[in-house]
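Since the structure comes first, as structure tokens, the remarks are kept for the end.
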């Protein structure tokens, strides 16, 4: 495989970093703002010394304040150092809003599928239905959380599947780019004492997102999918998303994990379940199958 310009053939008029340097830059773009803001976040009682959000306000603060500096740094790097257009990092293509909203619907549907599969396998027990609808004060908070996840998930797609994937592909090839992006994604989502199954799920999450972005030729659909996945997991079932609790009543059904962590996902939430990994493997295989069929107009939300 040879170097390739993903998403757009727009040239880089500046300097593209070496492939080995991009994971280091990614870590710096993420870690420097976190370290700089950590003391202030704690002083506002928005995060713990470990960096975990405190309550719903802390979660909103993490999703906005924790990601805004990283987005600004990456976009500044793309424009000022690499001299590239936004189209070259995946912000291109027709009907972006429609594609984003379709992706959001698919994200809600796929996480619901995973949660129901765990439930049907005996890993969840219902503890109440639609409790958010009987608590009107919680509905605006659920709507605000959708906006917060729109920002957070979109930033992650722009910096990982947009910037990093495209720059490594231009320096090496697509296969190396996908592997480096997925490894960096794992590293930046790593927490001490995480079992290997959780790291595998995070790696597969990134592989799936890369596969979607590559086949669609832009980020809009996978951005929407990531938003829908995170938001419904956080608000639909009273379950943690990547180990974080939204502290809100369930929009759909409140579920309580029961049984082995390998099935329920444990403290990580359903994303740590082996059934979630099975879903990602099947979804990646489906995308690749569509690729081999030569579906030139393919995107994961097309029929």
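In case you wondered, yes, glycine gets a Cβ from its N, Cα and C as well.
TrEMBL annotations: computationally assigned, not manually curated.
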**Request:** Look up transmembrane segment in TrEMBL and report which of 198-217, 218-237 it refers to.
**Result:** 198-217
**Prompt:** Given the transmembrane segment (142-160), which of the listed stretches 15-37, 57-78, 99-122, 172-192, 272-289 has the most Cβ pairs that are under 8 Å apart from it?
**Reply:** 57-78
**Item:** Residue distribution over DSSP helix, strand and coil in the domain 'CAAX prenyl protease 2/Lysostaphin resistance protein A-like' (142-232)
**Value:** 79 helix, 0 strand, 12 coil
**Item:** pLDDT averaged over the residues of the domain 'CAAX prenyl protease 2/Lysostaphin resistance protein A-like' (142-232)
**Value:** 96
**Asked** the transmembrane segment (57-78): which same-chain residues, six or more beyond its ends, come within Cβ distance under 8 Å?
**Response** 25, 29-30, 32-34, 36-37, 41, 44-47, 84, 86, 88-89, 144-145, 148-149, 151-152, 155-156, 158-159, 163, 244, 246-247
